[in-house]
Amino acid sequence: MATRPGLDRLVFPWAIACATGLEYFDSALFSFFASYIAGGVNASPDELVWAATSYATAAVLGIVQQQWWVERLGYRRYLAVSLLAYALGALASALCQSSIELALARAWQGYWIGPLMGACRILIQNCFPGTQRAGAIRIFLVMILIGSAGAPLAGSILLDHAQWRMLFACTAPLACLFALAVWLSVPPLGVLAAAERGEAHVWPYLVFAIGQGALQIVLQQLRFTLFTGSPLPLVLTALAVAALGWFGYHQWRHPRPLMRLDALRERSYRTGLTLYVLYYFLSTSLSYLLPRFMEQGLGWSVFRSGELIGVTSLTSLALLFGYLRISPRITRKKWLIVPGFICAATTAFWLASMTPQVGPRELAGALLLRSLLILFIVLPVANLTFRPFTGDAFSHGYRMKNVVKQLTISFSTASVIVLEQHRAALHHSRLAEVATPYNPVFRQTLDALAGPAPLAEVAAMVTRQAAFMASLDAFVFVGAVAALGGLYALLQRDIK
């Protein structure tokens, strides 16, 4: 890094940080405004879920194959090509007319942008000496927070002044701009001579793709097949376990694998991966539940929900700089990680105590507490997990963490959806039992309602109340997981 010109040295960390921030911005946009996208392509929930499944599957495949690309293109060309390919996918997504087209376009986007965070973080580790690395990581974190927090705000503005297609189209020029910055600033690292390059691992890669695809289908379709008695989920699960197990065995024994698994020998790495799984489970669950709680349970508009979530999330930027000043003085990272899980549990249980009349002020406190999770869990856990590794070992270890991230996001989304749908059905049936002409309170409510269709109004009230109560139950579940995560972190001797 010291040999790079001065301007490049300034642009380099911002270029790779912006590329990473774009990935978080894209994921947050799709997740938060999924209902509007579904309406745009006339897709049912079952059909739209294939877009999320294809994105996650392709992202994992891209992460596994990333080293193969880097050895042949180098980091500069790989990042630039990935961003330009993602921009083409964004335009394709914006022009989609059906759910099948959207699933294919999102798979293309996921393959190229899903691995970018790992590649950019590896560049920071390998290109910046210790004295400069802290500043590069700070920029990296700032752009991640801006991307995640800015998506609800930006999406609300776009939908207010345009249509859903702009949610995808707006990312294309950003990707092209960041690709240019990457091309001009990233050093030409990573290219190996033909004799030194790893194998393509075509058949193991295909087996991994089949196993990963089967697993993602099970996780995403679980909400629709849980109570049907179909043997298909069991068959696909067995296929996924067998394929992924064989791939792991093959990579463990191969001298030049696509992804080295040696990092799993380190106890601190295994502990860190477990904490990452817990964090991604909690973060994804809350990110899924919050907008649905506000829109379906409280009856808020998507713009009001996006504004509140976006503004409270942006406060984590100010907290980040305070954290970076204080954290070096705390030598025992356990006293950061455990309070982080306490914050997660407090947030979930606080949300579970809300009433249907709750306003933005009451919700803001819980949302501000939620914004602390990335500071108190992710940052110290990253220090713990990757401390033993340097060079190539760090690269493979970080890629493996990102594979685990994608799998956890899919699993947590499926788990929370199944729980929420089960509880919503239960509450709806119980509420319907009392919404009968034999209930005097119901008769009074029906008589008091104005309008030509009072029964329709009552049905909407019952549905909203059931959704509200289901969200509260899901928050209790998330809080229990957070409490168990805090207990696990407290008992780990590897966390110093």
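Think of each number as a place in line: the chain as shown, counted from 1.
Every residue, even glycine, has its Cβ placed from backbone N, Cα and C.
Note: TrEMBL annotation is automatic and uncurated.
Residues annotated as transmembrane segment in TrEMBL: 12-36 (among others).
Per TrEMBL, domain 'Major facilitator superfamily (MFS) profile' is recorded for 12-496.
Annotation comment: TrEMBL describes 48-66 (among others) as transmembrane segment.
Summarising the annotation, TrEMBL assigns transmembrane segment to 78-100 (among others).
Using a Cβ-Cβ cut-off under 8 Å and counting only residues 6 or more beyond its ends in the same chain, the transmembrane segment (106-124) has close neighbours at 13, 16-17, 19-20, 22-23, 26, 30, 51-52, 54-63, 66, 70, 75, 78-79, 81-83, 85-86, 88-90, 92-93, 133, 136-137, 140, 186, 189, 394-395, 398-399, 401-402, 406. Taken from TrEMBL, the feature transmembrane segment applies to 106-124 (among others).
Positions annotated as transmembrane segment by TrEMBL: 136-159 (among others). Note on the transmembrane segment (136-159): residues 13-14, 16-18, 20-26, 28-29, 32-33, 36, 120-121, 124, 128, 166-167, 170, 291, 302-303, 305-307, 309-311, 313-314, 316-317, 320, 324, 374, 379 of its chain, located 6 or more positions outside it, place their CB under 8 angstroms from a CB of the stretch.
Residues or ranges marked as transmembrane segment in TrEMBL: 171-195 (among others).
Summarising the annotation, TrEMBL assigns transmembrane segment to 202-219 (among others).
For 273-290 (among others), the entry in TrEMBL reads transmembrane segment.
Marked as transmembrane segment by TrEMBL: 302-323 (among others). Note on the transmembrane segment (302-323): residues 32-33, 35-36, 138, 141-142, 145-146, 148-153, 155-156, 159-160, 290-291, 294-295, 360, 363-364, 367-368, 370-372, 374-376, 379 of its chain, located 6 or more positions outside it, place their CB under 8 angstroms from a CB of the stretch.
What TrEMBL lists as transmembrane segment is 335-352 (among others). With a threshold of 8 Å between CB atoms, the same-chain residues lying at least 6 positions outside the transmembrane segment (335-352) that come near it are 275, 278, 282, 286, 289-290, 293, 327, 363, 365-367, 369-370, 372-373, 375-377, 379-381, 471-473, 475-476, 478-480, 482-483, 485-486, 489-490, 495.
Residues or ranges marked as transmembrane segment by TrEMBL: 364-386 (among others).
Residues or ranges marked as transmembrane segment by TrEMBL: 470-491 (among others). Nonlocal intrachain contacts for the transmembrane segment (470-491), taken as residues 6+ away from its ends with a CB within less than 8 angstroms of a stretch CB, comprise 274-275, 278-279, 281-282, 285-286, 289, 292-293, 296-297, 334, 337-338, 341-342, 344-349, 351-352, 354, 416, 419-421, 423-424, 427.
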Same-chain residues at least 6 beyond the ends of the transmembrane segment (78-100) whose Cβ lies under 8 Å from its Cβ atoms: 16, 19, 22, 26, 41-44, 47-48, 50-51, 66, 69-70, 106, 108-109, 112-113, 115-116, 119-120, 165-169, 171-173, 175-176, 178-180, 182-183, 186, 190
Criterion met for the transmembrane segment (171-195) and the transmembrane segment (273-290) (at least three Cβ pairs under 8 Å): no
Chain residues outside the transmembrane segment (48-66) and at least six past its termini with a C-beta under 8 angstroms from it: 30, 34, 37-38, 41, 78, 99-100, 102-104, 106-115, 118-119, 205, 208-209, 212-213, 216-217, 219-221, 223, 258-259, 399, 402-403, 406-407, 409-410, 413
